[in-house]
Amino acid sequence: MDKNIKEIIKNMDLKFRNIDGKKLLLAISTDKQKNVLMTAFMSEESLEKSIETGYMHYYSTSRDKIWKKGEESKNVQKIIDVYRDCDGDALLFTVEQTGWACHEGYMSCFHNKIDLNTGDSTVIGTKLD
């Protein structure tokens, strides 16, 4: 790994949290209009790959591995900007989304609106696949 990328990450002053025995932080991706597309975890290695390639890489706790967003679907996320939260344990990425972000075929993973009076959910948005 390029030493420069490790320096960049060090300068970001991040606080990776112990989640399922792994050092992870929360990554949120939005489009240019600031619509939330998805959230996932990142490890330091997936963050390195994201910086190195310019495309989002996440850490899957269920598969216990790093994955490039769109490696199977081709619905990749090209990084435009990144913001660190005040605690340093979450990153907000502005991305250029190719295709849809959700593996269920919706633009956003947040397509289930919950009624707080009943707990019932309603699918909003259009399935794109």
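All positions are counted from 1 along the displayed chain.
Note: Cβ is positioned from N, Cα and C throughout, glycine not excepted.
Predicted, not measured: the structure shown is a model, and the values here were computed from it.
Per Swiss-Prot, the features are as follows:
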type    : residues              : note
BINDING : Asp85, Asp87, Asp89   : Mg(2+) binding site
BINDING : Cys86, Cys102, Cys109 : Zn(2+) binding site
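Counting in whole angstrom, Asp89 (Mg(2+) binding site) lies 21 from Cys109 (Zn(2+) binding site) by their C-alpha atoms. Most other Cβ atoms within 10 A: among the binding-site residues Cys86, Cys102, that distinction falls to Cys102. In sequence order, Lys15 are the residues near Asp87 (Mg(2+) binding site), counting only same-chain partners six or more apart with C-beta under 8 A.
Between the CA atoms of Cys102 (Zn(2+) binding site) and Asp85 (Mg(2+) binding site) there is a gap of 24 Å.
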